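Below is one structure, written out as structure tokens; the observations come after it.
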């Protein structure tokens, strides 16, 4: 009698991956808006980094103690890449960029840069191959990045915005390194988050203590509590875990596409909540990012 293998576990795993993908996109949008608001009002990038990594670092310290501070049975450089790509260097780059460039740029350039470099690293390291649709989508993302960064030099935005754009792109590059390295590490999402936040906390606490400028002594308590919740809870703990789940369930390239809905959502949020101007060049760039990522996603369907 012919039997068939049960498929329910695979379906369940795929559903969990999709839910994690959606949660990742929503969390990234909220985090970007909160970061832009925080660093342009009462707090500094180092303040936000202290919340983002220090809060989950404390929460996950018992897990880190039990399971170790490095990826087991893997070379140390792999752990270093994971901490570099999702830890303090990434956080400071993105948060510093938010001081110079509006939320719409952050929303387009961070998720836009990620798939470009995730695709390149996935091809080189994981052996993934990309067809015409996916390559066309990536090409549109490149044009979008050029459109947005070029628009930073003209119009109502001053040239300082280009500094923020460059920091966002660099942050997207090192996050791509994390995405691929995490998949090779064999870590589960909770252990991965514990390692990232643990090592980042070890570095950010003395840096914050030695810094001259902090907004914590003058910022309203409401601002501080909101940032602790968003940076430490949503982005630092919940966000890393659901992103890790999505990577394990859906793959590195597919997870990077969680950014497909972020550009428009962040631009609208920046306009409605932060009162920011969205230029024509930015609107065109956002549209190209969304279309490019959609083509990339469709090209990856089997």
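FYI, residue positions are counted from 1 along the chain as it appears here.
Heads up, the Cβ atoms here are built off N, Cα and C, so glycines get one too.
If you look up TrEMBL, you'll see 17-149 (among others) marked as domain 'EamA'. DSSP labels the residues of the domain 'EamA' (17-149) in these numbers: 111 helix, 0 strand, 22 coil.
What TrEMBL records for 163-296 (among others) is domain 'EamA'. Secondary structure of the domain 'EamA' (163-296) per DSSP, as helix, strand and coil residue counts: 115 helix, 0 strand, 19 coil.
Listed by sequence, the residues of this chain that lie at least six past the ends of the transmembrane segment (12-34) yet keep a Cβ under 8 A from its Cβ atoms are 98, 103, 106-107, 110-111, 226-227, 230-231, 234-235, 238-239, 242-243, 245-246, 248-250, 254-255, 257-262, 265-266, 269-270, 273-274. If you look up TrEMBL, you'll see 12-34 (among others) marked as transmembrane segment.
Annotation source TrEMBL lists transmembrane segment at 46-65 (among others).
Per TrEMBL, transmembrane segment is recorded for 77-98 (among others). Nonlocal intrachain contacts for the transmembrane segment (77-98), taken as residues 6+ away from its ends with a CB within less than 8 angstroms of a stretch CB, comprise 32, 35-36, 39-40, 45-46, 48-49, 52-53, 69-71, 106, 110, 163-168, 170-171, 174-179, 181-182, 184-185, 187, 192, 195-197, 199-200, 203-204, 240.
The feature transmembrane segment is assigned by TrEMBL to 104-126 (among others).
If you look up TrEMBL, you'll see 138-157 (among others) marked as transmembrane segment.
The transmembrane segment annotation in TrEMBL covers 163-182 (among others). Packing against the transmembrane segment (163-182) from elsewhere in the chain are residues 78, 81-82, 84-86, 89-90, 93-94, 96-101, 105-106, 109-114, 116-118, 120-122, 125-126, 145, 148-149, 152, 192, 244, 247, 252, 255-256: each is 6 or more residues past its ends and has a CB under 8 Å from a CB in it.
The transmembrane segment annotation in TrEMBL covers 189-208 (among others).
Outside the transmembrane segment (228-247) by six or more residues, the chain places 16-17, 20-21, 23-24, 27-28, 30-31, 34-35, 38, 48-49, 51-56, 59-60, 86, 179, 182-183, 187-190, 192-193, 196-197, 254-255, 258 with a CB less than 8 A from a CB of the stretch. What TrEMBL records for 228-247 (among others) is transmembrane segment.
What TrEMBL records for 254-274 (among others) is transmembrane segment.
Look at TrEMBL and you will find 280-297 (among others) tagged as transmembrane segment.
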>> With CB pairs under 8 Å as the measure, which of the listed stretches 46-65, 104-126, 189-208 comes out on top against the transmembrane segment (280-297)?
In response: 104-126
>> Can you tell me which parts of the same chain pack against the transmembrane segment (189-208), counting only residues 6+ beyond its ends and a CB-CB cutoff under 8 A?
In response: 46-47, 49-50, 53-54, 56-58, 60-61, 63-64, 67, 69-71, 79, 82-83, 86-88, 91, 182, 214, 236-237, 240-245, 248
>> What residues elsewhere in the chain lie close to the transmembrane segment (104-126), defined as a C-beta under 8 angstroms and at least 6 residues from its ends?
In response: 28-29, 32, 35-36, 94, 97-98, 134, 138, 141-142, 144-145, 148-149, 152, 161, 164-165, 168-169, 171-173, 175-177, 179-180, 183-184, 252-253, 256-260, 262-267, 270-271, 276, 278, 282, 285-286, 289, 292-293, 296
